[in-house]
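For 152-222, the entry in TrEMBL reads domain 'PAS'. Among the features that TrEMBL reports, region 'Disordered' is placed at 297-322. Positions annotated as compositional bias 'Polar residues' by TrEMBL: 301-312. Per TrEMBL, the feature domain 'PDEase' maps to 419-758. Annotation comment: TrEMBL describes H495, N496, S497, T498, H499, D536, D664, Q716 as AMP binding site. The Zn(2+) 1 binding site annotation in TrEMBL covers H499, H535, D536, D664. According to TrEMBL, the feature Zn(2+) 2 binding site maps to D536.
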Amino acid sequence: APVTDVQFGPMRLHQDQLQVLLVFAEEDEQSNGFRWACDKAGFRCHIARTPQSALEFFLDKHHDIIIIDHRHSRYFDAEALCRSIRTTKASENTVIICVVQRHTDREESSILPLISAGFTRRYIENPSRMACYNELIQLEFGQVQAQFKLRACNSLFTALEKSQEAIEITSEDHVIQYVNPAFETMMGYQIGELIEKELTEVPVNEKKADFLDTINSCIKIGKEWQGMYYAKKKNGDSIQQNVKILPVIGQGGKIRHYVSISRLCNDNNKVEKTCECIQAESQTDTQTCRHKDMRKGSLDVRSTTSRGSDGISQRRRSSMARVHSMTIEAPITKVINIINAAQESSPMPVAEALDRALEILRTTELYSPQLGTKDEDPHTSDLVGGLMTDGLRRLSGNEYILSAKQTHQVAGSLSSPISLNDIPPRITQAMENEEQWDFDIFELEAATHKRPLVYLGLKIFARFGICEFLNCSESTLRSWLQVIEANYHSSNSYHNSTHSADVLHATAYFLSKERVKQTLDPIDEVAALIAATVHDVDHPGRTNSFLCNAGSELAILYNDTAVLESHHAALAFQLTTRDGKCNIFKNMERNEYRTLRQVIIDMVLATEMTKHFEHVNKFVNSINKPLAALEENGNNGDGESIKTVLRSPENRILIKRMLIKCADISNPCRPREQCIEWAGRISEEYFAQTDEERRQGLPVVMPVFDRNTCSIPKSQLSFIDYFIIDMFDAWDAFADLPNLMEHLNNNIKYWKGLDGRNLRVLRPPP
């Protein structure tokens, strides 16, 4: 079979024997002419008599040229057949010819209907063998060879997609036409946000205008520019790049595109701040100045800057001496006013007692118990310091230090789509008992290769009718789950998509409890499941305290307050609304969407631990105690009284916050093996944070979490004693969860058993 080599730029392409499909209902001189021409040209030829056989032939052989008879409409619809072929992926680079009748007695007809149907060109009937041969030869060296080169572009784009260098291609007018995944990762944009945008619409450069003029003056005359470039990411972070910009000469000898190739530079790579300008055609060194190779050594995405650590002393003093004179009175102000008034007519001992009460009320941490009331245990102290402060860790006296700044960046990529109807058997089996509390999330993690959130999310969301409520398709929900899971860090030992799936499972389990179902509306259930899914998205595996101490961009953005939780909520909506393919909210009515959004944000923010005791105490005082009082007064069967407690808007908010908080830290209430696994994962994440704090010279937020000395049983017992027991006692009193409380008691005994033997590990030795 004859083969030819085709030159495509520096590539040499090997083209096999061309294949031609003739679609003629009947044999005639025209079809015979093309058949003879194929034989003479050395092309492999197939003949189809019906549209169905034509499609089958094409899908099997993937012909380079298809010639369809359009002269006799009584046999088949040639345009309809062409449209059918064009719907297949295989036809993307196929040349399709339409044979039309020769009319000498009427005006020439338009070819636009044929073009619209998908034909490449038309052939006015001429059965002459040489006419048919000439037509095929022109096609071979014209359209077919052009399509062959286009097919080769797929390999080039594959190389671009997999390149670790960030690549951006713009038109001659500096309109962005392509960026690769490495560019998306480096700059924080998605390709859809950039395509067809002018470079001036994307604020990426921090240099002065004269610097940009220098670059433009170089590339506009066909020269290559290379040098250091300070760029701005989407989130505002500044990064330094080693950039090469190449003009691409196209039609007419003019510059038709610019290709920009970038790599990040760290401080070790800053050899000289110089530039290079190279003639594009000859690649000779005609630069005014050069710099050494910036690519040697490892490329570190992170940059560190000093923030000063003088440790200026600052004491927090309550300045509420004149609070009773405020004209706009908050509830706490009214309480203080009442106490002040009562003091005036009280005996001295009572007045002094009221003074002490006022001092307590004037603090900002009304709901946080003081450590002095618990055992002075370093594990408890460090847990509270690490989880309930926003970074300014007390070092000595009243001095606080802010140290090095670190930027964390995440990149996510979508995996292949799946459907609820075609889940693999092993995964289906792993999810069989997902409605039970003892469901094993780690079995699902293994079955899904660390992608449990998509599969469990599809099943739970289907069980709760989420797509019906949101009026979105399963494919939209599937895409959304994939986007969210892709933005969890699989490198985190604890805060990854398995934790998110675990919290989603616990949330769904709590929503199925009778008392909870009496309380919440459908929109609350939807919000709870979505909030559970996104509540830790893009978690960097470090605590808020770490980010604040490190002066991270997120901490600066959110003013050191609820940094991660604010980021999780904001990013979740950014990812969702950025692309219609995964926007599960796009069909909602505006007011309903705003209500749903408000509830989701509130629930995600409730997972922040600095407000832990506030949420628990409000739940106990506003819900547990009134319900208990109704039972004590014999009103247990009084549905209206109970409904009043449960259904008030304020109390429903407290219940939703408590629900997601309990789901978020329910690990100690899981079956023992799951509890042990989670304890190991969170300990490893805290160990890694301590390691990094010491490497970077940051304040060590939780010194007790040193991998060489930490007692995991002690840390678990401290966490359970300080955070878990009271909260789950309150939640159990509300939702009736005897199985959880049994697991909790068994796990406490297990950790105490290890601690009693002075073991610091997860499991006793064999």
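We count from 1, first residue shown onward.
Using the three backbone atoms N, Cα and C, a Cβ is placed for every residue, glycine included.
Curation does not apply to TrEMBL; its annotations are automatic.
Distribution of TrEMBL features across the structure.
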| residue | record | contacts (Cβ under 8 Å, 6+ apart) |
| --- | --- | --- |
| H495 | AMP binding site | Y488, H489, D536, H539, G541, E685 |
| N496 | AMP binding site | K450, Y488, H489, S490 |
| S497 | AMP binding site | K450, R451, P452, L453, E485, Y488, S490 |
| T498 | AMP binding site | I441, F442, E445, K450, P452, L453 |
| H499 | AMP binding site | D536 |
| H535 | Zn(2+) 1 binding site | S500, V503, E565, H568, M603, V604, T607, I660, D664 |
| Q716 | AMP binding site | P668, A679, N747, W751 |
Neighbours of H499, H535, D536, D664 excl. site residues, C-beta within 8 Å of centre, Zn(2+) 1: H495, S500, V503, A532, H539, T607
Other CB atoms, at most 10 A from the CB of D536 (AMP binding site): 24
Per-residue pLDDT averaged over the domain 'PAS' (152-222), given as an integer: 76
CB contacts for D664 (AMP binding site) [other CB atoms within 10 A, all chains]: 23
